[in-house]
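Annotated in Swiss-Prot:
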BINDING   D10, D346, H347  Mn(2+) 1 binding site
BINDING   D305, H310, H358  Mn(2+) 2 binding site
Amino acid sequence: MARAFLFVLDSFGVGGAPDAPAYGDDGADTLGHIAEFCAAGAGDRDGLRAGPLMLPNLSALGLLQIASLASGSLPAGMALPERVFGLYGAANEISRGKDTPSGHWEIAGTPVMFDWGYFPQEGDAFPADLVADICKRADLPGILGNCHASGTDILARLGEEHCRTGQPICYTSSDSVFQIAAHEHVFGLERLLRLCEIVRELLTPYRIGRVIARPFIGNSASNFQRTGNRRDYSVPPPEPTLLDRLSEAGRTVHAIGKIGDIFAHQGTGRDIKANGNAALMEATLAVMDEAADGDLVFTNFVDFDMLYGHRRDVPGYAAALEAFDLWLPDVYRKLIPGDMVILTADHGCDPTWRGTDHTRERVPIMAFGPGIRARSIGIRDTYADIGETIAAHLGIAPGRHGMSFL
């Protein structure tokens, strides 16, 4: 038997998506633009980082070759390694959305071939009858926001009014989401989570992918900050995923971070919560000591997207990548014969791009472990090849989509 470890560097795209123009993302390249900005000094921040982007361990896994495959150019200021010891390539997304569930479900062998529902860009985002039903079911005096917004901006703008009135802040984005921000102490965390459950139920006919609880603390617009108690309420995947097939085969899926929420806890045998990339890596390393033959350890490293991509923070994103790179030797030391690790992403979120939304990009594939031969696997037609590769490695039946690259 064998073990598999799947790490999603949330939003770490490598550009080059052939359908990017259809999404308004022609030229978006998360890795390439971060490297370009860092090489030009625009990725420097006092006390955080400076200079060209330094990712020696990821580079040794083929990251720069991946960038060349995906976008046609090497990242600025980064030197090719003397040798590559990982299997490497990039993948196109065939799901119609560039959102978190679509990316993760496709990675797990289930592309999203239908259109999500979205809320209008102009005017009130949410239908009046939906708002009325929410307020009635949840006994609310009303809601604030009702618009497309950046989460941090709307918190600064409406957080104090929320604390005065008790009305939750409800907003959306270009993704298929309904987000609800509320103060953990003034409104109450449990009350916020119950509200999200109500909204999730009411949104069934709207085909909205996720309801997201965004709890925060603080006492004024100057110091409001989100807490680690975010919760995602996703619709279930449209058909069984790799996780379901593993569970049916008697294997354990260790779902770390927001993986359980993304899959609506369908096929996720063991949910482990952690807040922030460092804590997520710590939890992952601990589980690597415990995982049995045949298990999958599946971790989402959310900070790249949540803290830096959406906030268009190049120095922050670069520093987070460099920190992750430094953790990789700890992963190597945990590996035993039969292990395979795959690093990938679910979409892009170019921190140099206009707006605050995800970007349509190819994603990297880096696979390594004892017995994994270093080579290029080229550009894959779908993220689902990742899930099929894990299925083949763990010895379970193939799914309907994708092809193993082992």
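Here the Cβ of each residue, glycine as well, is placed from N, Cα and C on the backbone.
Quantities reported herein were computed from a predicted structural model and do not represent experimental measurements.
Features per Swiss-Prot, on structure.
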{"residue": "D10", "record": "Mn(2+) 1 binding site", "Cβ neighbours (10 Å)": "23"}
{"residue": "D305", "record": "Mn(2+) 2 binding site", "Cβ neighbours (10 Å)": "26"}
{"residue": "H310", "record": "Mn(2+) 2 binding site", "Cβ neighbours (10 Å)": "20"}
{"residue": "D346", "record": "Mn(2+) 1 binding site", "Cβ neighbours (10 Å)": "29"}
{"residue": "H347", "record": "Mn(2+) 1 binding site", "Cβ neighbours (10 Å)": "33"}
{"residue": "H358", "record": "Mn(2+) 2 binding site", "Cβ neighbours (10 Å)": "31"}
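Put simply, H310 (Mn(2+) 2 binding site) is 12 Å from H347 (Mn(2+) 1 binding site) when counted between their Cα atoms.
D305 (Mn(2+) 2 binding site) falls within a helical segment according to DSSP. Distance from the CA of D305 (Mn(2+) 2 binding site) to the CA of D346 (Mn(2+) 1 binding site) is 10 Å. H358 (Mn(2+) 2 binding site) and D10 (Mn(2+) 1 binding site) have their C-alpha atoms 10 Å apart, to the nearest angstrom.
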